[in-house]
């Protein structure tokens with residue numbers, strides 16, 4: 001067994017010396033983060049203020065936008081600081097806190113998208129019973145589950161990682177990654193529980209929501225094939241943003257998984273592109289969702305025009 005050390009910090013080795021270009025990258029990240037905060041905050045305020053948007057679908061959307069703010073804040077400030085800094089070390093406390101934020105964000109994103117697909121399934125397949133099934137109390141309960149379950153699950157993940165004795169403190173990414181910390185454990189036998197729980201967590205956080213989404217859309221497609229053109233168009237207009245969001249986030253998670261678990265295929269990728277791909281799921285998704293839903297959904301567009309100051313929302 002290798003000698004273990006009680007580390008007080010981790011070194012993020014994913015940063016490279018980009019010279020004066022780092023200030024250019026910093027400006028891009030700053031603009032992107034400000035855009036994320038602005039667009040998501042605007043839509044949260046609009047949904048909260050407009051009573052016509054106090055429906056299950058828009059309340060789930062509001063939860064989704066809050067999650068985008070939460071996840072992006074867990075990455076962007078630290079990423080921008082390290083980008084212009086010569087030291088790329090973080091305290092163990094902050095590193096584990098960032099891991100907790102990343103894992104809860106990802107899990108909540110899939111849970112939110114799953115709840116939204118189930119909501120669309122009920123609205124399209126059972127329109128007469130929809131209001132009876134999706135009561136305010138049930139919507140409130142689902143949103144609580146969406147947020148509390150990932151928090152509880154991630155606390156266990158964090159506890160299992162903190163207990164490990166580590167023989168290194170170098171993480172080959174621009175942010176803290178739980179899988180890479182587990183790989184730093186001195187003994188592989190100590191990580192058995194982590195690996196088993198990680199698989200269990202993956203099934204509950206990703207596979208189960210994806211099965212729910214798949215089931216919902218199979219049912220929706222079946223109904224649409226038997227319905228009128230008007231019903232198909234209505235279903236298409238409400239489901240397209242959701243499918244686009246799901247595909248975009250799944251693609252980002254796949255890239256992150258590929259880089260963490262299978263580093264060999266990514267060795268020939270340029271450093272800057274490698275970094276962008278590793279944070280794609282947290283860079284693109286928080287801006288992608290408000291833009292897609294704000295543009296595609298007529299009620300949100302109209303609510304923005306009614307609430308926002310003249311000139312702030314573009315005329316269509």
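Cβ coordinates come from backbone N, Cα and C, glycine included.
TrEMBL annotations: computationally assigned, not manually curated.
Residues 53, 61-62, 65-66, 68-69, 72, 76-77, 79-80, 83-84, 283, 286-287, 289-291, 293-294, 300, 303-304, 307-308 of the same chain sit 6 or more residues outside the transmembrane segment (23-46) yet have a Cβ under 8 Å from a Cβ within it. For 23-46 (among others), the entry in TrEMBL reads transmembrane segment.
Sequence annotations record features per position, and here TrEMBL assigns domain 'G-protein coupled receptors family 1 profile' to 39-293.
The feature transmembrane segment is assigned by TrEMBL to 58-84 (among others). Long-range Cβ contacts of the transmembrane segment (58-84) within its own chain (Cβ-Cβ under 8 Å, at least 6 residues beyond either end) map to 12, 15, 22-23, 25-26, 29-30, 32-33, 36-37, 40-41, 43-44, 47-48, 90, 94, 98, 101-102, 104-106, 108-109, 112-113, 115-116, 119, 139, 142-143, 146-147, 174-175, 279, 282-283, 285-286, 289-290, 293, 299-300.
Marked as transmembrane segment by TrEMBL: 96-118 (among others).
Marked as transmembrane segment by TrEMBL: 139-162 (among others).
What TrEMBL records for 197-218 (among others) is transmembrane segment. Only residues 6 or more beyond the boundaries of the transmembrane segment (197-218), in the same chain, are considered here, and those with a CB under 8 A from a CB of the stretch are 106-107, 110-111, 113-114, 117-118, 120-121, 150, 153, 156-157, 160, 179, 182, 239, 243, 246, 250, 253.
Outside the transmembrane segment (239-259) by six or more residues, the chain places 106, 109-110, 113, 116-117, 120, 173, 206, 210, 213, 217, 220, 265-266, 274, 277-278, 280-282, 284-285, 288-289, 292-293, 296-297 with a CB less than 8 A from a CB of the stretch. The transmembrane segment annotation in TrEMBL covers 239-259 (among others).
Feature annotation from TrEMBL assigns transmembrane segment to 271-295 (among others). Within its own chain, the transmembrane segment (271-295) has Cβ neighbours under 8 Å at 14-16, 18, 32, 35-36, 39-40, 42-43, 61, 64-65, 68-69, 71-72, 74-75, 79, 102, 105-106, 109, 173-175, 241, 244-245, 248-249, 251-253, 255-256, 259, 301, 304, counting only residues six or more beyond its boundaries.
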